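According to Swiss-Prot, the protein carries these features:
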type	residues	note
REGION	49-70	region 'Disordered'
BINDING	106, 127, 134, 135, 136, 137, 138, 151, 170, 171	ATP binding site
BINDING	211, 214, 286, 289	Zn(2+) binding site
ACT_SITE	228	active site, glycyl thioester intermediate
DOMAIN	342-443	domain 'Rhodanese'
ACT_SITE	403	active site, cysteine persulfide intermediate
C-alpha cells in the first residue's frame, strides 16, 4: 500500500510539471508572436503598438491580420531586402513613392508591370488610346480580349500629385509636352524611346540634368518623324527599354545607385551593343528650365505641340497628313480609280520601302522607294517613254505617285516635277485612303 502511494505522488508531481511546461510553452509562443509583430511593424516603418494593444496579440498559429500583412510584405520583397545597397530603407522609400507613367503601350507596359510588382506605393497610368490587335506583339500588359477597350478607364489631369514621371509615349510632340510639364511642376522625368531596332534612355530634370528642350530647342527640320507605325519595331525592344525605365524610376525614388542624369543610354538590338554617352547639363539659356525661363504655365496650357513639331500625338490627330503640294498636283483616290477604270495609259509609282511593297501592292504599280528616287530617275524616264508610245501620239505620260499615307508621295512629286516630270501627281491619302474610299479589301498594315 505504501509503495502504491509513492507511485501516485510521483505521477501527480510529473503531471504538475507537464502542465507547467505546457503553460510556459504557450506563454513563450505568445511572446514570440508579440516579438514578430513588433519586428514587422519596425521593418515597415510603422510606430510600435502600445503595450495594451500588444498584449492582445494572438499566439502563433492564429496571427493577427496586421502581422499576416507584414509577413506577406517581407516574404514578397525579401529578395530586395537582401540587397545591401537597397534593403529595408530602399523598399520603404519605394512603397512611399508615387510614379506617373504616361503611355500604356510598348514602353509603358513593362514599366507599369515592373513598378507595380516591385512595390511602388502609388502608380498612375495615362493613355487615351484603345487597344488594337497590332499592339499585342509588344504591349504585353494587354490581351486580345481587350482589343477596342480604352487602355485606361480614367486619366490623371496632371502630374502634380506624383513624385516621378515616366515618358513612355514614344512620339515627338508628347516628348516636348511632358518634359515642359515636368519642369514647370519640378518633377524628375524618366524618358525612353524605341523605334525599329534601336532604343535610348535618359533622366531629365534631376540632379542638374537637362530638360528635353535643353538638348532640342527646336524640333527636327524634317516634316516627318519616326514612329513605330511608320518604321516598325521588334516586339521585344520596347520591353528592354521599358524595363530600364522602370529601373531608373526605382533608383530615383529610392536614391539608390546612380541614375542616368546627364547621360544617355543607346541600345542596338541587332548587335546587343549598349553605350552610354554624356549629354550637356541644364542649359542656362533654356526658355523652360534656364536661369531666366520665359515659358510659363499659361504658355504650357495654350501651346500647340503638334503644330510646333509638325507631328501628330496620335493617329487620330488632324495634323497627320502633310500638305506640300498645290491642288493641281494632287488627285483623290476616287479620281485615280476613274483613271484606272478608263484604261488610259499612265505610270503608277509606289514610293514605299521595298519591304512594305512586298506586304501589299497594286498589280500595275512599280516600286521606287523614296530614298532611291533620284537615283532611279533614268529608269522612270524610260518607263514613261514606253507608256507615252501607247498614248495615241501624245507626248506626255501622266505619273501618279502613291505611298502608305500620302506624305512621302508628296515629297516624291516635288522631286519629280523639279526633274522634268511636269505631269506627276500625288494620290492623296495613299493606301490608307484607298482602302477606306475605294477598295476595303486592300491589306492595311
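Cβ coordinates are placed from backbone N, Cα and C, and glycine is handled just like the others.
Positions of the features from Swiss-Prot, shown on the structure.
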| residue | record | DSSP class |
| --- | --- | --- |
| 106 | ATP binding site | coil |
| 170 | ATP binding site | coil |
| 211 | Zn(2+) binding site | coil |
| 286 | Zn(2+) binding site | coil |
| 403 | active site, cysteine persulfide intermediate | coil |
Near residue 211 (Zn(2+) binding site), which residues of its own chain have a C-beta under 8 A away, given they sit six or more steps off in sequence?
179, 180, 182, 183, 189, 204, 205, 282, 286, 288, 289
Long-range same-chain neighbours of the residue listed as 'active site, cysteine persulfide intermediate', Cβ under 8 Å, sequence gap at least 6?
350, 351, 352, 370, 409, 412, 430, 431
Any idea which of the binding-site residues 214, 286, 289 has the thinnest Cβ neighbourhood at 10 Å?
286
Between 0 and 100, where does the mean pLDDT of the domain 'Rhodanese' (342-443) sit?
92
Round to a whole number and give the Cα-to-Cα distance in Å for the pair residue 214 (Zn(2+) binding site) and residue 170 (ATP binding site).
19
What is the set of residues, excluding 211, 214, 286, 289, whose C-beta falls within 8 angstroms of the centroid of the C-beta atoms at the Zn(2+) site?
179, 183, 205, 210, 212, 213, 282, 283, 287, 288, 290
Let's check the environment of residue 106 (ATP binding site): how many other CB atoms sit within 10 Å of its CB?
25
